[in-house]
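Trainee: Among the features that Swiss-Prot reports, FAD binding site is placed at GLY11, ALA12, GLY13, HIS14, ALA15, GLY16, VAL123, SER178, GLN367, with the record citing sequence analysis. According to Swiss-Prot, the feature NAD(+) binding site maps to 270-284, an assignment based on sequence analysis.
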Amino acid sequence: MAQEYDVIVIGAGHAGIEAGLASARRGAKTLMLTINLDNIAFMPCNPSVGGPAKGIVVREIDALGGQMAKTIDKTHIQMRMLNTGKGPAVRALRAQADKVLYQQEMKKVIEDEANLDIMQGMVDDLIIEDDVIKGVRTNIGTEYWSEAVIITTGTFLRGEIILGNMKYSSGPNHQLPSISLADNLRGLGFEVVRFKTGTPPRVNAKTIDYSKTEIQPGDDVGRAFSFETTEYILDQLPCWLTYTNGDTHQVIDDNLHLSAMYSGMIKGTGPRYCPSIEDKFVRFNDKPRHQLFLEPEGRNTNEVYVQGLSTSLPEHVQRQMLETIPGLEKADMMRAGYAIEYDALVPTQLWPTLETKKIKNLYTAGQINGTSGYEEAAGQGIMAGINAAARVQGKDEVILSRSDAYIGVLIDDLITKGTNEPYRLLTSRAEYRLLLRHDNADLRLTDLGYELGMISEERYARFNEKRAMIKAEQERLNGIRVKPNDRVQEIIEAQGGSRLKDGILALELLRRPEMTYDLILEILDESHQLPSDVEEQVEIQTKYEGYINKSLQQVEKVKRMEEKKIPEDLDYSKVDSLATEAREKLAEVKPLNIAQASRISGVNPADISILLVYLEQGKIQRVNN
């Protein structure tokens, strides 16, 4: 007899984990199926979490009640805040992970989660009736029934590893690929593309000459992704920086014909922002060297990840390359790098909830949707889990807008514009990045996480206390007048500021570019009384208030366009005067509102005007009828 669940998640990578946990935490009886229970939360590529934009996604997942932030906080070997010399909109955390410890911790979280079962099994078929998902069937014939299914298969769908002139069926890190499920999706009529990614060699730490490299330590202050973390890992391991050189490039040039990238062996499209070393050599042949970061894979292993040396060159050529790199001349290669090709769905086949348009109650998240990166996968996973549970429970779906979160930017880009290469989230993709900062992810999303039942009462009470403290401190500073005495003038002039002519409110003084919250306390002759994150919010919100308000005004304009809904079943062939390309793109994407329609590539302002007139005429006709 088939077992029954509310939601089934296929895959236990970074998307699958957040999907399964979100579904379970919303109260849905959830099953997670994975090819290998020992590879839950495996990091097949770089041993890190975070970075520009991506680190903010991790904070957003945490604010919604997800898991990635908490787990990396417990298992990292190093953490750094990036872009500290720039404005708050581009600051982000990046952590080096202990890969094995991360997996162990995440597996324990999953096993301990109420409402979540986990089972080893390979899904071969989707059980579908009348274009509605009903369950899944494994390769040994076991059936599991459910009201919703989330596919989070990463790079396993028809995966093929390529190394030199060798190509063989495989998932990442030489695991079993998923062939039958890939065939099943193609047979259902989904539009599929082939993408490619790669990984560099790993070398033995005992054989590296670190004296020829530059040390890259973590921050010497406690850092955390999760807003709940209170204990910090200060015993950190450094990374190391080295470079390729002319000799390295000569090895690549001599053997370029052996690279799967250039021999025609690889057909899939690779990631623009994480190219292989041979691709960097060809595309940037004027550069005398390229950075390589040596990243330990954990505290209890000698494996070191050579970040920046991703390659599909044969194993013997990889060894030759390593011999030319300062510090790695005598390094033992423990694992060779490789490229991997896999199937991905064209993401314009999805609704904003990540439900497929073709099959009702079937959701997809992660690399199957054309993205790259653990964080992008996890961000999609939590939203798919939230919405699959909502569908089963008859609750409202949840869609994050581009002004709500980087997760909203990511999903909107995918479903509206699609992608012809593995999609990487960048700060530059967000038009409201001053609103979507690392520091305010909790202020943006904790209310929603609480409404969804994924934030505890205790955590929500602490959050509300923080929010109240921020407001109270702003009001307090706005009620204190600073007099221009000699001591105050000296403090201001020491920072390069102009002297005060008259008294000024402390909050107004904080708006000056040279002033900080610390200096305001010094001027007021006060000591620190508030948590550092509260002080940070007071300073950022005050200094950037004008810019933030301008962004909020833009958001309001877009929201008015979002209120102009477009019927899902609108026949664009009946909309006169639309350009042919616009008509085709609109029919493919099926935008839910005018704002989304305006972001579709190939749809210009004239098309939007025509669409608006058509919709208004339709309303008038319905009223008259």
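Cβ coordinates come from backbone N, Cα and C, glycine included.
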Trainee: At the level of the C-alpha atoms, what whole-angstrom distance separates GLY11 (FAD binding site) and GLY270 (NAD(+) binding site)?
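Mentor: The separation of the Cα atoms works out to 23 Å.
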Trainee: Just the number: how many Å between the Cα atoms of SER276 (NAD(+) binding site) and ALA15 (FAD binding site)?
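Mentor: SER276 (NAD(+) binding site) to ALA15 (FAD binding site), Cα-Cα distance: 24 Å.
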Trainee: Rounded to a whole number, what is the top Cα to Cα distance in Å among the residues the record ties to FAD, namely GLY11, ALA12, GLY13, HIS14, ALA15, GLY16, VAL123, SER178, GLN367?
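Mentor: Among the residues the record ties to FAD, max Cα distance equals 18 Å.
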Trainee: Nearest to VAL282 (NAD(+) binding site) by Cα distance: which of the binding-site residues GLY13, ALA15, GLN367 is it?
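Mentor: In terms of Cα distance, VAL282 (NAD(+) binding site) lies closest to GLN367.
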Trainee: Cα-Cα, whole number of Å: ALA15 (FAD binding site) versus GLY270 (NAD(+) binding site)?
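Mentor: Per the Cα atoms, ALA15 (FAD binding site) and GLY270 (NAD(+) binding site) stand 20 Å apart.
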Trainee: Which site among ARG272, LYS280 has the most other CB atoms no more than 10 Å from its CB, taking these as binding-site residues?
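Mentor: Neighbour-count leader: LYS280.
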Trainee: Which one is it: of the binding-site residues GLY11, GLY13, GLY270, which Cβ has the fewest other Cβ atoms within 10 Å in this structure?
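Mentor: Selected from the binding-site residues GLY11, GLY13, GLY270 on minimum Cβ neighbours within 10 Å: GLY270.
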Trainee: Report, in whole Å, the straight Cα-to-Cα distance of CYS274 (NAD(+) binding site) from GLY13 (FAD binding site).
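Mentor: One finds 20 Å between the Cα atoms of these residues.
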Trainee: Indicate whether GLU278 (NAD(+) binding site) is helix, strand or coil by DSSP.
Mentor: helix
Trainee: So which of the binding-site residues is most packed in, judged by how many other Cβ atoms lie within 10 Å of its Cβ, out of ALA15, VAL123, CYS274, VAL282?
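Mentor: Selected residue: ALA15.
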Trainee: How would DSSP class ARG272 (NAD(+) binding site) in three states?
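Mentor: It is coil.
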